[in-house]
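Q: Copied straight from TrEMBL:
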TRANSMEM  12-37  transmembrane segment
DOMAIN    28-136  domain 'G-protein coupled receptors family 1 profile'
TRANSMEM  49-69  transmembrane segment
TRANSMEM  81-100  transmembrane segment
TRANSMEM  121-139  transmembrane segment
TRANSMEM  145-169  transmembrane segment
TRANSMEM  181-204  transmembrane segment
């Protein structure tokens, strides 16, 4: 009886968490994709990578919803498992694309200005194709190679953020866009470190049973929703203004109390 209870509790936690993540993430992600599409029609390149990132999140979320129902057919389970892995690794690649694109705006503005939507679309197709091939060879890869694939983006995210901060003063990009770019790079680095680093450690220790770190991976689509918020022009200024107003209100209250 105690063994049955011990088995049921993790299952219920897994089931409830997946329902919460999918219930919140899936509709909001679809809304964000629709909203970002209008920016692409205005000849902006940046939203293309974010849209593809969100599409990879939709693949993950849909796979999670069906997997938590535990279909009886083994073939269906296998397809859904590969589908989830495909969405997860595609998500990592498009996070890299987003960070690289934002870095180039500051570090190489002349080269970036020559880029167009067609180039970005071709790059996205290459990323999807690469991940499709990667997924088909996934079961033949060692845990060390998988750990390297997870670890490889982390130093790149750090480099993109550090290089952007170093080049900010010399860049002619408007101040509000600078804050927007830094906000996106910080969000990508923070979310990747928090949600993917535990799995990197588990793979490096040759453990395929992720446990708690796998739970963090399931939450990875949620921070990507904030990318849409940072893509909106003027959001960084609005955020800073609201923070400053809160601080001023707190100071006024404390002075009045004193």
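Glycine is treated like the rest: Cβ placed from N, Cα and C.
All TrEMBL annotations are machine predictions without curation.
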Q: Do the transmembrane segment (181-204) and the transmembrane segment (81-100) come close, with at least three CB pairs under 8 A (pairs 6 or more apart in sequence)?
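A: These two segments touch.
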Q: DSSP says what for the domain 'G-protein coupled receptors family 1 profile' (28-136): how many helix, strand, coil residues?
A: 95 helix, 0 strand, 14 coil
Q: Compare 49-69, 81-100, 121-139 by their Cβ pairs under 8 Å to the transmembrane segment (145-169) and return the stretch that comes out on top.
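A: Highest pair count goes to 81-100.
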